[in-house]
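Chemist: Quick one: the structure is below, and I'll ask about it shortly.
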Amino acid sequence: MAGASSPASLRASRSRRLGKETNRSDLFKKPAVPFAFALILADAILVALIIAYVPYTKIDWDAYMSQVSGFLGGERDYGNLKGDTGPLVYPAGFLYVYSAVQNLTGGEVYPAQILFGVLYIVNLGIVLIIYVKTDVVPWWALSLLCLSKRIHSIFVLRLFNDCFAMTLLHASMALFLYRKWHLGMLVFSGAVSVKMNVLLYAPTLLLLLLKAMNIIGVVSALAGAALVQILVGLPFLITYPVSYIANAFDLGRVFIHFWSVNFKFVPERVFVSKEFAVCLLIAHLFLLVAFANYKWCKHEGGIIGFMRSRHFFLTLPSSLSFSDVSASRIITKEHVVTAMFVGNFIGIVFARSLHYQFYSWYFYSLPYLLWRTPFPTWLRLIMFLGIELCWNVYPSTPSSSGLLLCLHLIILVGLWLAPSVDPYQLKEHPKSQIHKKA
């Protein structure tokens, strides 16, 4: 009869329903889940108090609004979009985001602070989902995610675009944990369009894509991400393409030595030199390759062994689907988060200059990274506190910068010494799941 369900479809539907119910039940059995909700509530109250009683710090808001006003006024030459801090140096996604902010707040600071307070809580919720799903950090240590004075300031007292970029980045990571690779790549590209620091995650993300999907899936995911960049920049690409690309994607900018939080101890003439930048880049790339070969691809026989095992450059999959390369195994959530957080952290350690708002680029990964090291808990907590203190020294000093670099390097050593676990888990057959539920 038309509309009648077959026994097989009924069994599959029952399996999916039971799986969802069990996942919800298991999730709420974890002490981390109610504790995470309590943290969100407590931090929401704290954010409200900060907005109400701590004076706003004027830094980039007026410049943002000036640049947005020029864009809304019809200016499409990126070289002419300027504020009191200089020309616009972010991709066009920044303009769309802050145009929406201006429309919602009228360009006023106080309602913008409320909006950023909501953004802070949304970002915290997404990060807590990542932590709960991976279950690497003990439940009580989730409180560390709410204890940064500098991060609260970046979100609700400074209103930096880093806040939107990192929220989108964390959202893309959450999607990757649910194996929504194509949708996650679209969100990731959206984050890049707000601020390019998100590209620090790109090398490890590419590796994960190669592990998670076949060649067709990888190419289509990358094409989707590229399409986002084209569509976002289209008004500028069809009018003043050279100006847009030169200003929005300038990778050669030299930051002011005075504001450097991480390399203040380096003499200014060395700090601004091309040789120093090249040395940092070489160290960055070397460590990325080393971690990829000996940590992230260890179980596949290193990078070369991994590429050979996939026949990536030699053959296309027999089925032009967007599914995983191997139907019997998937990447563990821990491997996804560890690779992305560590890859980004390597870039942070060897960034020539970290300004105060750049702390948001990796703060939310710190508890996770510390608990991936073999260090005792007391040392992890001391290092977390030490990094937070370094970021709250204003202005930074050679001593605070030197201490920050030392703490970063110790974490890197700990991550290198940590054992490499199998990045794959077996995917159970649906029938075996039905038998388990019965």
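Heads up, residue numbers simply count up from 1 along the chain you see.
Note: Cβ is positioned from N, Cα and C throughout, glycine not excepted.
According to Swiss-Prot, the N-linked glycosylation site annotation covers N23, N103. Marked as transmembrane segment by Swiss-Prot on the basis of sequence analysis: 32-52, 78-100, 112-132, 155-177, 196-216, 218-238, 271-291, 330-350, 374-394, 401-421.
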Chemist: Within 10 Å of the Cβ of N103 (N-linked glycosylation site), how many other Cβ atoms can you find? Include all protein chains, please.
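Modeler: Its Cβ shell of radius 10 Å holds 11 other Cβ atoms.
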Chemist: Any chance the transmembrane segment (330-350) and the transmembrane segment (401-421) have 3 or more Cβ pairs under 8 A, given the pairs are 6 or more apart in sequence?
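Modeler: Counting Cβ pairs under 8 Å (6 or more apart in sequence), the transmembrane segment (330-350) reaches the transmembrane segment (401-421), since there are 3 or more.
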Chemist: Between the transmembrane segment (112-132) and the stretches 32-52, 196-216, 401-421, work out which stretch tops the count of Cβ pairs under 8 Å.
Modeler: 32-52
Chemist: Sequence-remote contacts (6 or more beyond its ends) of the transmembrane segment (218-238), Cβ cut-off under 8 Å?
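Modeler: Here the qualifying positions are 76, 78, 91-93, 96, 181-182, 185-186, 188-190, 192-193, 209-210, 244, 248, 322.
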